[in-house]
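These notes concern the structure reproduced below.
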Amino acid sequence: MKPEQRGAFSSSFGTMMAVVGSAVGLGNIWRFPYLAGMNGGAAFLLLYVFLVLLVGLPLILSEFIIGRATHRGAVGSFKQLAPKSKWYLVGYMGVVAGFCILGFYSVIAGWSVRFLYDAVINANVGQSYDEIAASFNAFKNTGWQPALLAAGFLAFTAFVVLKGVEKGVERWNKILMPLLILILLVLCVNSFTLDGFRDGMSFLFKPDFSKITANTVLDALGQVFFTLSLGMGVMITYSSYVVKPENMLRSKGIVTLIDTSIAIISGIAIFPAVFTFGISPTQGPDLIFLTLPNVFGQMAGGQYVGILFFSLITIAALTSMVSIFEMMTNYMMEELKMSRRRAVVWLFVTLSLIAALCALSQVEGSRLMIGRYNIFDFLDMLSSNYLMTLGGLMVVIFTGWRISEKRLRRVFTTNGMYNNRIFPVFRFVIRFVSPIAVAIIFLSKIGFIKG
């Protein structure tokens, strides 16, 4: 496929916003702050930053090197770099992971739209936690409502991707990511006025090194891996759209810095509100969809805070979904020789059906099961525990051991323009450190290693 047909990013800022948009998702907003608070506060933050530099940054660089070296997508890049081998199967793992993730993630994105609507009409004022939970369960038990909202979210995602790389993916991320950051900063400023600000900050930042255990390290490693959208081929695809020379280490370092900063600021924005009303900082989707609506319903000006917060959640979900949808569209254009329009329509229809099955499998009494999991949980488990982690492991092994040192140096240093002295350190890390770290994540996810 010719470059003008596949598309390309037009600016460094657009590239950065697209990559950050892919990395920033719901996990930044609910999981990272909770993990920090429960695992030693500032002590966990120091551990996390160390692991981002040691593991996260080399991994995202590895995926970018593969894409930059070939200017092809998740499957085609492996075919070009390792012809007549089975390495291309790593790319297919990413494509399958994309189907799984968009199937259930679009349902969660639909939930965010539902709660945004509730915030607009001020539906949660005066409602208890149990009443909000009952309303949410009734909504999920309809089956068709979550399925319809998921399809609507997928339709908008498809609309963005249909416009192409520059006019769709890049343009929308240049709008949405600054808007997301602005909303987050407004929420953060609002948290300064709350009575629970000190308790929230103590929960998030008070250092307690006694809480750093083996399980804490596993949690931090897992968060580093999943927050950067690794192991799906998204970063390989996005990097293939970068045609202008760049300092790869600098640009990807900024991406990891922004991603980590958004996660920390999310905690500053959320936990003072939670502690103000004496509510437990629950981990998981319950924090977003049950605890916080209850908090906003009790808060002065809570309707406006709720609108901002669920706008934030919706934007984070959209930018993440766009990146995965684009990766899969690129695969179908390059490997199946489809036009962008045909690929987008085909993906929209297929993913809407998968999302409907996920939504219906959550209806009470549903028999849409695969083994002991409903379809929603099965796709979540398959993608996060197996496909993404194993795919990430294969990517870093491929980059460190299969790509020649000469080619690796050429791409990493942009033909000798940048970071020549750092290259030996990078190569050592991706050959010996990163594979061990990702292998630990994989083994912990499948239950072989326990903290």
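A Cβ is built for glycine as well, from the same backbone N, Cα and C atoms used for every other residue.
Automatic, uncurated: that is what TrEMBL annotation is.
Quick look at what TrEMBL lists:
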TRANSMEM  12-30  transmembrane segment
TRANSMEM  42-66  transmembrane segment
TRANSMEM  87-108  transmembrane segment
TRANSMEM  144-163  transmembrane segment
TRANSMEM  175-194  transmembrane segment
TRANSMEM  220-243  transmembrane segment
TRANSMEM  255-280  transmembrane segment
TRANSMEM  300-322  transmembrane segment
TRANSMEM  343-363  transmembrane segment
TRANSMEM  383-404  transmembrane segment
TRANSMEM  425-448  transmembrane segment
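In this chain, the transmembrane segment (144-163) lies close to the transmembrane segment (87-108): three or more C-beta pairs between them fall below 8 angstroms, excluding pairs fewer than 6 positions apart.
Residues 58-59, 62-63, 65-66, 69, 78, 81-82, 87, 90, 93-94, 96-97, 100-101, 225-226, 230-233, 236, 427, 430-432, 434-435, 438-439, 441-442, 445-446 of the same chain sit 6 or more residues outside the transmembrane segment (383-404) yet have a Cβ under 8 Å from a Cβ within it. By the count of Cβ pairs under 8 Å, the stretch nearest in packing to the transmembrane segment (87-108) among 12-30, 42-66, 175-194, 220-243, 425-448 is 220-243. Through the fold, the transmembrane segment (343-363) approaches residues 99, 102-104, 106-107, 110, 140-144, 146-147, 150-151, 154-155, 158, 161-162, 325, 328-329, 332-333, 336, 369, 374-376, 379 of its own chain, all at least 6 residues removed from its boundaries and within a Cβ separation under 8 Å. The highest tally of CB pairs under 8 A with the transmembrane segment (175-194), across 12-30, 42-66, 220-243, 425-448, is held by 12-30.
Scored on C-beta pairs under 8 angstroms, the neighbour of the transmembrane segment (12-30) with the top count among 42-66, 220-243, 425-448 is 220-243.
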